[in-house]
Structures are given as structure tokens and as C-alpha cells.
Amino acid sequence: MAAFPAYLALLSYLVPGALSHPEAKTLTSRASTEAYSPPYYPAPNGGWISEWASAYEKAHRVVSNMTLAEKVNLTSGTGIYMGPCAGQTGSVPRFGIPNLCLHDSPLGVRNSDHNTAFPAGITVGATFDKDLMYERGVGLGEEARGKGINVLLGPSVGPIGRKPRGGRNWEGFGADPSLQAFGGSLTIKGMQSTGAIASLKHLIGNEQEQHRMSSVITQGYSSNIDDRTLHELYLWPFAESVRAGAGSVMIAYNDVNRSACSQNSKLINGILKDELGFQGFVVTDWLAHIGGVSSALAGLDMSMPGDGAIPLLGTSYWSWELSRSVLNGSVPVERLNDMVTRIVATWYKMGQDKDYPLPNFSSNTEDETGPLYPGALFSPSGIVNQYVNVQGNHNVTARAIARDAITLLKNNENVLPLKRNDTLKIFGTDAGTNSDGINSCTDKGCNKGVLTMGWGSGTSRLPYLITPQEAIANISSNAEFHITDTFPLGVTAGPDDIAIVFINSDSGENYITVDGNPGDRTLAGLHAWHNGDNLVKAAAEKFSNVVVVVHTVGPILMEEWIDLDSVKAVLVAHLPGQEAGWSLTDILFGDYSPSGHLPYTIPHSESDYPESVGLIAQPFGQIQDDYTEGLYIDYRHFLKANITPRYPFGHGLSYTTFNFTEPNLSIIKALDTAYPAARPPKGSTPTYPTAKPDASEVAWPKNFNRIWRYLYPYLDNPEGAAANSSKTYPYPDGYTTEPKPAPRAGGAEGGNPALWDVTFSVQVKVTNTGSRDGRAVAQLYVELPSSLGLDTPSRQLRQFEKTKILAAGESEVLTLDVTRKDLSVWDVVVQDWKAPVNGEGVKIWVGESVADLRVGCVVGEGCSTL
């Protein structure tokens, strides 16, 4: 999330995190009453990884000469609505560092103009196409750079989709850690290739929208996650994305194991910065900052948007309060220096010191001129929107993603593709436009017309929208449209007529409630919105041939109509963005064969899921959200519980057929030890003088013109703050300035580099055995042996590759690599990744879904077709 309406922001409230629990060595599995996040201090310094050495050297030279005010300026936001972006830091003009602009969203520039509204993350995941994941990242980065955004707030790999009703699952790439990992890491590589900084989010456990934030009434919920589940499931995509070089990580609102993420020292210091070797800076989600000294010591580097518990009052936990904390000694100057060095090093690492644009847009108004600081009572005005067009040819990428994500679930009697002269009757408002205007609802906070994205801060304005109605009318010579959610009277149906029924299911962020759903799908559940099920059934009674097109944020129930004889075909078009119409007609009329695959499971009933993944209501006191299902979410649960879903994870049909033959398993690097080779030692980190700065460095400059509510680093009485340094600060239990031994699972960005040694490689020949062109996806799942002594899911997606467009009879050999980490479990005692020696007992499966396996391999025995 980033900025949201002021009246909702006022609900934010300071609640101290729980930091005084009995000592524990690991995050073992516990009941909620025992959930505990152990202390991990001090915060590790950045700069010890060679890939970042040059950037840190440049940062060190600059930070060494900064004043206290200049340092604090870069760590703190200037206040909500106090600039053009969702958030901005202060600046250091003396060294050419501007106010850094942090802005949404993961699918395009939010609240701007002349930008691309790309398909959502869940749509990208459904492509199973690594090239498109990267290309979208490049497009996002180019548009962020073009608008002068230093830090684009995305991608999102958390939530992962633990809760099917969760409001923001659609911002990520699917309900699997590996799919999320590829989506996140490739997006980051693409974005940062342009010089824009990616902010990976939300770390961690923000799997439900309701009750995530602390308020005047209660504390945000605690996601209670055991150590193994944390590493193997929720942390997995973060580790891969850190390995990709993420410049920033955004901390979530909620608690993890009863410690607020923004001041959870185990999570930030211990796991993210030490074990995963993260070299960039850690930033809060908007208004997730709930403590000053505690968060600094826990490893937080930047506060956004800078305000305190109640925004718009000009208060802050940092800004001048951080200046005070450094002067009185409660925050060590070493910690501040590392905070600033991480920020400046990231700025240098992405080359933003070289002709990077300043913001040329305003997220606060569409007018050309307006207040420069809208959150101030009195603000100077000027040009705030220059209407810079940053779209380039990104519409091509957007259309390709939306098209290649479309997932064909059912196609009885090959009713699809359609012919241009077929008699078509189209039903449902989801086929049309929002009659109030395509951008009439703030942050897409309504469900009117075709569903292009969910709602909330993860959205973008549509530069244009080609609806399915417009696209079909442009192609079909005989189409009749009924843009209504009630089946109309008097509709005639010929024996060969085809009805196309459009339905959808929406969700979003919890600061907006749409049709009774406060972010999460509380009221609608997993059912279609706007009478969708009844509309399909009514069409099925009238027509012999019905095609259902679904735009949805995630799993949707189909049981009321899926088995009706006249429902011949079902397409899931996910959330297609601006190219909703053209991408759909590309598939409907057969210009392309569908090649999308489900990035989640579609159940028969919500009761098919474990009870623990349901939405949780607000009791008196803090909600304890216990992850008692452990590793078993989505398809992993269905397999373990022996429940056959309506459609399995990875399912997707084509207009053609494919054969998988000639499988081969190669040993690339022997797994001759259970644990990876010893980690590389840490390199040196920048050092600075440890003396406290002079109090005069944060005195108000003479004749300074203050902007009301703008957050500054200056103190009215800095000498008084320094005089209080003799007082003893009540540090959290376990706080120390003595560095901890380097964790054995670390050693580089993402962890021990030996974890990414390719151990096995599977080659398989994919042949188009049908009569139409098409693309196939080979999905690789691993099954780990019981000899590891742990219960593991019977199938875990670890790799996938997609063929080029294959003509009828054409073949392509795909290579799918398997790493040491892919075959490892997290050892909570040793605190390292453990694999079966020599891969003994490992089974590898390749197929077109988790339930449609075409190749089976056993390490040491070879492969066979199934």
C-alpha cells in the first residue's frame, strides 16, 4: 500500500510491538499463546557483498561528509500529501540527492497520466512465461523512470494466496512460492535494468486485509508462522527476489509471531539482512511505523510517508525525533550511518545519480497547476503535471501478457475458437464499460464494466480501455449485446447460436469497501459478483452452446453451472488491464491458441480448504492468526487431503495438443553432502567515526521558511536533546551492540550461493500433435523422500518453461534445471537447508498441471513417460 484517503489514514494508531518474551533460539511451531519472535541485534551493516562494493564506496564518501540533518532527511518521509508522490524523503542538495520519490504500483504508475495499465501480477503468473515477466518489469521501470519515480512500490510476492478470499492476492503471481519467486525476481531484474528501484513487498504474513493495521481500538493481527513454514513457503519468493538484487523491501503492517513487522528484529536484522544478505534499504508500508527507537534498532531504514500514529498532525516517530534519538544516544550513530548508506548506495547502484528525471506528475490532482504541498494548510503553487507520455510500445507487452494468460478450462465439442460469422449473443456487464467513465472510481474502488484489475493502491489509471464488447463488435459480423446482469426477456436462441456470458469476482485493499466487501471477499465469498451464476444458468437454459468468460482476482466457484450440458467452454481471462478486449478476441476467434495455466486451484467448495485459511474476525484484543496448516496451502493441501478440485493448479487447455517424449535426467553437480558448502565470509563494510554529531547540525537554519505539516529533521532545542544523553533508554530485551556470528545459511544476496548450484537437469521434447499452432508449458514438480525425516508436500512446483509457438508437428526440447535449494528442507535445529545426499529417493515430475503429469523421473533410475 501507499497513500490512502486522509480520513482513513487517521485510524492509524501507535501500539508497541511485543518485545519482552522468554528467550527462544528458533521460531519453532507453537500455539498462538506461545508465538514469539526472538530478539536479533544489532542491525547488520550493508556493503559486504562484492556486487554492491562500488555503490557502497560512493555512498561512503558522501555519507562521511553529511550532517546529522542531511542523514535524517533521507531516512524520513516528509509527510503524507506533502509532495507529488505517494511518499518522498527529504533531500540533500549539497550532494545532488533530490527528494526521493516513492510511488505505486506493481502494475503501473498510480494516479498519473499517459501511462500503461499492465495486467495484474496474477495474470502474469498465469502466463508461466519468464520472458513476459521480465518484459513487463522493463516496461514498469521505464514508465517509473519517465515519470521521475525513484522507487516503484512493487512487485508484490506477499500475500502469496494462503487465504483464497484475501483481498490482495491478485497483486502477486500465484499461490505457489516458486511461481511467486520467478515472477518477483524477473520483474525486479526488468525494472532495475532501467534504473528504477524496485520495492519488494510485503514482508511478511499480510495474507488478509481486514484487521492488518493497528488502530485506536486494537492491534493489527499477528501472523504466527513456524520457522520451517516461514522459510519454505512465505520467505521463498523474498529470498529469490533479494538474490535478484532488489533495492528495497517494504515491511508489512501486521505482526509476525507477536512482533510488529516494522520493529521485528528477528525478521529484519536476522533473516532479511543477515541470513538473506539484503543490501538495499527497508521501508515501512504507509503508516506502518509504530515506534521510533525500537524500529531503528530492529533494522528499519526508511519511514514512509513519515507521519506518526495519526497523520496530518505533523507528528513523526523519526524526522526530528530521530535527530533527538541520535543526539541523546538512544539510537547509535552507527545505526543511522548504515541506514543512510544503504539508501544512498541503492541510489548509486541503480545509476540514479546520472540524469535521472525529477517527478513530472502529481498523484494529488489531474490539473496542470496546483499546490506543491497539498497536505499543508497553506502551500505555494506551481506546475505539478507535465503530462509526460511514458507508454512507448508497452501496449504490445500488455496485450501479449493478457492474451497468453487466458486460461481455457473447458472446451467441449471444440466450440472454441469462434468463427467470425457465428451468431453470438453476449451477456453481462463485465463485457462492457463503466458508464461513469473508465477512471471514475478512485483506485478502481467499484466493480462496473469489465474487470481489469482489483482495487486499492496496487492500481493504475487506464489510459484507454478496449472492452470485450468493442473488440467483439469489431470482429464479429453477427453479434448482439445485452450488457446487463439480469437475463433479458425476449431473447431468441437459434440452434447454432452461441451465448457468451461474462462474469467476474473482485477484491482489493481494505481502505475501500466495494459492494459490501472491505478488501477481502467477505460478503461475496468465492462466488461470482452481480448475479453471475444466475446469469450463466439462465443462458444455459435458453442456449445449447454457452461460453463463459471469467475475469477474476482468484479462485471462483463454478459448481452451479459448470456441469450443465450447454456450458461448452470456460475461459478465465484473469485481470487483463487496458488490453482486455483485444487480448480476449485474439483467443476467442482463434488468432492464437490459449496458453495460460491456473496460478491457483479452483475448488468444488470453500469447505475443501483447511479451516485455518479462512478469514478471521476481530475479537477483543489482538487477533492471533495461526498458520496451523503449515506448508499445505492451495494444491499442496488438496493433494495431502486427497481432495479432487474442480480444476487443479497449473491446469490450462489449448486448441491443439502436445506430447512430452524423450525425457532425460542429467546430474550437473553431485549432491554429495546433506548441507551446502560453507558460506563465503562476509566482506568489510563501511566504517565511520562513532562520535555523536554536534547538536548544532540539527538546529533550524536562520530565516528558514517552514511549510506547515512538512516533516523536517530540525530541533528547537538540539542542545537540550544532547544533554539528555546521560539518561538510560529502556532497550528491548535482548538488545546488544555485539555483532552475532554470521548465519551459516547466508553468504550472499538470497543466502548461501551454493543453494543455487544446479544439481539436476531434465530435458523433455515437446511436440505439437494437433492441427493448430500453440504453446505448451512444462511444469516441473519435485517429491522429496521420507528419508529426510520430515513431512513434505507430495508435489512442489520448482521450475517451468514455455515453448515458442509450435506449428502442427513441430517440436522443441525444453531444459528444466533443479537446484540444491529446490530439493532442500529447512532444518530448524541446524538453521540451514538440508537435501537428500546424492538426491537419493527424489522423484521429479513434469507435466501440464499438478494433476496432469507426463514424465516421471527417479534420481538414480532415470525417466519415463507416463
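Every residue gets a Cβ built from N, Cα and C, even glycine.
Bear in mind that the values here come from a model prediction, so they are computed numbers and not experimental data.
Reduced to three states, the DSSP call for ASP285 (active site) is coil. The active site annotation in Swiss-Prot covers ASP285 and is backed by similarity to another entry.
Marked as N-linked glycosylation site by Swiss-Prot on the basis of sequence analysis: ASN65 (among others). Secondary structure from DSSP puts ASN65 (N-linked glycosylation site) in coil.
In sequence order, THR89, GLY90, SER91, VAL92, PRO713 constitute the residues six or more apart from ASN73 (N-linked glycosylation site) in its chain with CB-CB distances below 8 Å. The N-linked glycosylation site annotation in Swiss-Prot covers ASN73 (among others) and rests on sequence analysis.
Cβ-based neighbour count (10 Å, all protein chains) for ASN257 (N-linked glycosylation site) stands at 27. The feature N-linked glycosylation site is assigned by Swiss-Prot to ASN257 (among others).
Swiss-Prot lists ASN328 (among others) with the feature N-linked glycosylation site. DSSP assigns ASN328 (N-linked glycosylation site) to coil in the three-state reduction, outside any helix or strand.
The N-linked glycosylation site feature in Swiss-Prot is assigned to ASN360 (among others); the stated evidence is sequence analysis. Spatially close to ASN360 (N-linked glycosylation site) yet at least six residues away along the chain are LYS147, GLY148, ASN385, GLN386, VAL388, judged by Cβ distances under 8 angstroms.
Marked as N-linked glycosylation site by Swiss-Prot: ASN395 (among others). The number of other CB atoms found within 10 A of the CB of ASN395 (N-linked glycosylation site), across every protein chain shown, is 19. When secondary structure is read from DSSP and collapsed to three states, ASN395 (N-linked glycosylation site) falls in the helix class.
Annotation source Swiss-Prot lists N-linked glycosylation site at ASN421 (among others), citing sequence analysis. When secondary structure is read from DSSP and collapsed to three states, ASN421 (N-linked glycosylation site) falls in the coil class. On its own chain, ASN421 (N-linked glycosylation site) has SER476, SER477, ASN478 as residues at least 6 apart in sequence with a Cβ closer than 8 Å to its own Cβ.
According to Swiss-Prot, the feature N-linked glycosylation site maps to ASN474 (among others), an assignment based on sequence analysis. Residue environment of ASN474 (N-linked glycosylation site) contains 12 other Cβ atoms, counted within 10 Å of its Cβ in all protein chains.
Sequence-distant neighbours of ASN659 (N-linked glycosylation site) (same chain, six or more apart, CB under 8 Å from its CB) are VAL766, THR767, THR769, ARG854, listed in sequence order. According to Swiss-Prot, the feature N-linked glycosylation site maps to ASN659 (among others).
The N-linked glycosylation site feature in Swiss-Prot is assigned to ASN664 (among others); the stated evidence is sequence analysis. Within the same chain, residues at least 6 positions away in sequence whose Cβ sits under 8 Å from that of ASN664 (N-linked glycosylation site) are VAL762, GLN763, VAL764, CYS863.
What Swiss-Prot lists as N-linked glycosylation site is ASN724 (among others), and the listing cites sequence analysis. For ASN724 (N-linked glycosylation site), the same-chain residues that are 6 or more apart in sequence and have a Cβ closer than 8 Å to its Cβ are LEU327, ASN328.
The region 'Disordered' annotation in Swiss-Prot covers 725-748. For the region 'Disordered' (725-748), same-chain residues at least 6 beyond its ends with a Cβ under 8 Å from one of its own Cβ atoms are 19-21, 23, 38-42, 44, 49, 243, 265, 270, 274-277, 293-294, 297, 327-330, 332, 678-682, 692, 754, 830-833.
As annotated by Swiss-Prot, signal peptide applies to 1-20, with the evidence given as sequence analysis.
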Cα separation, ASN474 (N-linked glycosylation site) to ASN257 (N-linked glycosylation site) (Å, whole number): 55
Inter-residue Cα distance where the pair is ASN395 (N-linked glycosylation site) and ASN474 (N-linked glycosylation site), in Å: 19
Residue among the glycosylation sites ASN65, ASN328 whose Cβ has the most other Cβ atoms within 10 Å: ASN328
Nearest-integer angstrom distance between the alpha carbons (Cα) of ASN395 (N-linked glycosylation site) and ASP285 (active site): 30
Rounded Cα-Cα span from ASN65 (N-linked glycosylation site) to ASP285 (active site), Å: 30
